[in-house]
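Here is the structure we will look at, set down as structure tokens.
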Amino acid sequence: MTNMRKNHPLMKIINHSFIDLPTPSNISTWWNFGSLLGLCLGIQIITGLFLAMHYTSDTLTAFSSVTHICRDVNYGWIIRYLHANGASMFFICLFLHVGRGIYYGSYTYSETWNIGILLLFAVMATAFMGYVLPWGQMSFWGATVITNLLSAIPYIGTDLVQWIWGGFSVDKATLTRFFAFHFILPFIIAALVMVHLLFLHETGSNNPTGIIPDADKIPFHPYYTIKDALGFLLLISLLLTLVLFSPDLLGDPDNYTPANPLNTPPHIKPEWYFLFAYAILRSIPNKLGGVLALILSIAILAIMPLLHTSKQRSMMFRPISQTLFWILVADLLTLTWIGGQPVEHPFTIIGQLASFLYFFLILVLMPACSLIENKLLKW
């Protein structure tokens, strides 16, 4: 009898991707975050689908419909908070996944890396539009401020903003289209994930040493399915702890006030996972310059393969590069803190210095340091 797992057209794809996949024997827990991101996406799509059954994308009833979900729908409160805090978990896993890619030189698989950057942009766009849907104060003003940035584009800026708004301000048309895009984008993300995995399986996974591991590979199942299952358990435990004990910890109290175009909140700020980019945006006095810096803060990842000057792939055996990497991490945490602070002294100057350091580290210091390490190792 033929083995169905290896011969059936559909099962064969699953088998080659998750069961008989040759995997490096030494990949660490840092390689768990890809599967955890898949879990997060699954949680977000399922909880989002149930929320969409009860949500109404109308400016008059959106806020009330979210309240109705929490108060009247069976287990609506847990679905809503799983979705809201699931987004935070998604971004924690994303940042760790990208950080691992930078540290271990995974960006040298340029196709996989570039699809990953597209995924990052798509997830950020989805999260931004999702934040607008409850139609609280921060939803409305966040949407107004961020969409208004497009007006900085010369000549077509104002027309572009009004086209996105569907009128002369953020209103019913904006909310309806944001809901439509927020619903469809996760499925586009799921398709991009398939492409991401397709390119990854063309080359095989990287590993902590950065050395080609063809001589020492093991099947994905059962070794890494068990390892991923432990990650799933920890992630779900963390998410449920957050949802059941402190569901509003990462949210903004202003979003419990219905949107009011006549009353501006004292500090307009996005969700915590956008604060680093928001700090970079605010640190440049010129509007167009700020918008460009905001886009470049993520797009800069695309030129990382070009900036790789080291003869070694991974940072595992490069202590100077490791130091710079952890300075970059500290810098991003500083930017996240600054993004949540008011625009006043000393936060302004700290934000400007941290923004400069972010680009200087990636564009100048890290490539220069790699060249120095090559000399020290006589490579």
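Keep in mind that glycine also has a Cβ here, set from the backbone N, Cα and C atoms.
Because the structure is a prediction, the values reported are computed rather than measured.
These come from Swiss-Prot:
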BINDING   His83, His182  heme b b562 binding site
BINDING   His97, His196  heme b b566 binding site
BINDING   His201  ubiquinone binding site
TRANSMEM  33-53  transmembrane segment
TRANSMEM  77-98  transmembrane segment
TRANSMEM  113-133  transmembrane segment
TRANSMEM  178-198  transmembrane segment
TRANSMEM  226-246  transmembrane segment
TRANSMEM  288-308  transmembrane segment
TRANSMEM  320-340  transmembrane segment
TRANSMEM  347-367  transmembrane segment
Long-range CB partners for the transmembrane segment (77-98) (under 8 A, at least six residues beyond its ends), listed in sequence order, are 30, 33-34, 36-37, 40-41, 43-44, 47-48, 50-51, 66, 69-71, 116, 120, 123, 127, 130, 235, 238-239, 242-244, 247, 250-251, 271-273, 301
Answer key: the stretch among 113-133, 288-308, 347-367 with most Cβ pairs under 8 A to the transmembrane segment (320-340) is 347-367
Binding-site residues His83, His97, His182 vs the residue listed as 'ubiquinone binding site', shortest C-alpha separation belongs to His97
Are there residues at least six beyond either end of the transmembrane segment (113-133) with Cβ under 8 Å to its Cβ atoms? List them, or say none. 55, 57, 62, 66, 87, 90-91, 94, 98, 101, 106-107, 139-140, 142-143, 146, 174-175, 178-179, 181-182, 185-186, 188-189, 192-193, 195-196, 199, 270-271, 273-274, 298-299, 301-302, 304-305
State the Cα to Cα distance, in Å, between His182 (heme b b562 binding site) and His196 (heme b b566 binding site), rounded to an integer. 21
Using a 10 Å cut-off, grab the number of neighbouring Cβ atoms around the Cβ of the residue listed as 'ubiquinone binding site', all chains included. 14
Integer Å value for the Cα distance linking His196 (heme b b566 binding site) with His83 (heme b b562 binding site) is 24
Using Cα coordinates, what distance in whole Å links His97 (heme b b566 binding site) and His83 (heme b b562 binding site)? 21
